[in-house]
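Asks: Quick one: the structure is below, and I'll ask about it shortly.
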Amino acid sequence: LVLSLAWLGPALGDEDKDEEVVEEEEKEKKEDEVLSDEIKEEDNVLVLHEHNFARALSEHQLLLVEFYAPWCGHCQQLAPAFAQAATELRNESSPARLGKVDATAQTALATEFGITSYPTLKLFRDGNRTHPLAYTGRMDSQGIVRWMQRRVGPSATLLQDTDTAAAFVTSQDLVVVGFFKDLRGEAAQAFFEVAAEMVDMTFGVAEAAELFQAYGLSADTVCLFKKFDERQTNFPVDPARGLDTAELTQLLRVHSLQLVMEFTNETSNQIFGAKIPHHMLLFLNKSSSEQLSLRDGFRAAAGGFRGQVLFVVVDVTGHGADVLPFFGMTPADAPTLRLVKMENNRKYQMEQDNFSDSAIRSFIQAVLDGKVKPHLLSAEPPEDWDTRPVKVLVGKTFEQVAFDETKNVFVKFYAPWCPHCQAMEAAWEELAERYKDREDIVIAEMDSTANELENITIHGFPTLHYFPAGPGRKMVEYKSTRDVETFSKFLDNGGTLPVEPPVTKTPGNSTGKEDSSAPGADESRDEL
């Protein structure tokens, strides 16, 4: 630009020369700002770069830093919550502060801290930059604030006597108290670690002998106090094994839930966050007193499966109406029961609904023992399913088409609401048109929200699978660019892409992906 302006200067006149000077001055001013160790703020978030990073660490005891990319959708989604959390912490005069680094511009910092996806959040404590702690909280303002607050002070409140303990235990619907003979011992330290991570629960700790006696304890024990179901649940510390943080975390997650949960907007995070492997669902219409009475038998069956099966009541006319299509149901199907294996979303159904507690227990045990086959959804095949270039498959017809040994079958598994599926629809139609006269190639699609397969689990949309001709029931997942030319290369090469010459990386883009664990998941695919 400078060379061009110099060459054109005589023709452009003095006005353009002035613009060039101003531009250069602004550029130099920006460079001076970057080189300075001054720390600027945007919405109470510290704006950090390689020249002020050390100063920020030295001035702030606890500093949570977001490494982001300006183009990253997940980062843009997080920005308002991150700023709100920064403001809340600032307003309460907390020693914890939040900062951000544009990792695409500050490549030295990105390399130093191993940033490979966006956004990545790391906590720096007491100026130590060699061992930052990975952020493990929720990606919302309240989650960030609570996570930071737990690291500012003690993660558990010290209970000194019976009066303070009694007040603490009844202060909320659910509290956790660790009773330890030695608060400096390994078991107590493990308990403090759990308390620091589980920010959605309130933790206390006790060492006094009178408190052990008051709560009927003789050895180190973690107690969960609740105002529902069983009022006190004890988890004794194994003297030989000590206290395992992962095991205690899962126990607290499981036992903090009500024995029977109701599926609502407020409880959905708890239900799915507990990571219980099976969910037993009772679908009913809460406006019907007859259907509401079915909860008694359902609850009676629940006690024996705690931790293994989570019992959930779903109101088909309330919040649960939104999940009915996932089960191929309508409100008229209530009352009914379904068991879901969370690992692969397999659904199990009684041959005929029986709502007695004994029948429910027997059914669940049979599923756990592998004696019941999953109930698979399937739409009816359209009359014209094979007349268009793109063949329309359903659960009932999938096997005969996809595993036809004389055909190479390329299938798009999609959801009607998925914008990424909609975006590639034209390319898929064009591909089918291109190969419609090939007897050995079939281009097909299947709506995975209405159809399920026994041995293939679809985790996100769109998913593309290639089923080559010949014996062996082989399947290849296509993971490359979704355009007609790349699809064609894949098909013409027998289900693999030809090896391309290596592409030289553009400087400054060595870390370049979004974090698939962040809210929104893969930007090019909608996760289930």
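Cβ from N, Cα, C; glycine included.
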Asks: So Cys418 is in a disulfide according to TrEMBL. Which of these is its partner: Cys223, Cys421?
Replies: Cys421
Asks: Among the disulfide-bonded residues Cys72, Cys75, Cys418, which residue has its Cβ surrounded by the fewest other Cβ atoms within 10 Å?
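Replies: The disulfide-bonded residues Cys72, Cys75, Cys418 were compared, and Cys418 has the fewest Cβ atoms within 10 Å.
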Asks: Could you give the Cα-Cα distance between Cys72 (disulfide bond) and Cys421 (disulfide bond), in whole Å?
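Replies: Just about 21 Å between their Cα atoms.
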Asks: What Cα-Cα separation, expressed in whole Å, is found between Cys418 (disulfide bond) and Cys75 (disulfide bond)?
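Replies: So the alpha carbons of Cys418 (disulfide bond) and Cys75 (disulfide bond) sit roughly 21 Å from each other.
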Asks: Could you tell me the C-alpha distance between Cys75 (disulfide bond) and Cys421 (disulfide bond) in angstrom, no decimals?
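Replies: Rounded to the nearest whole number, the Cα-Cα distance is 23 Å.
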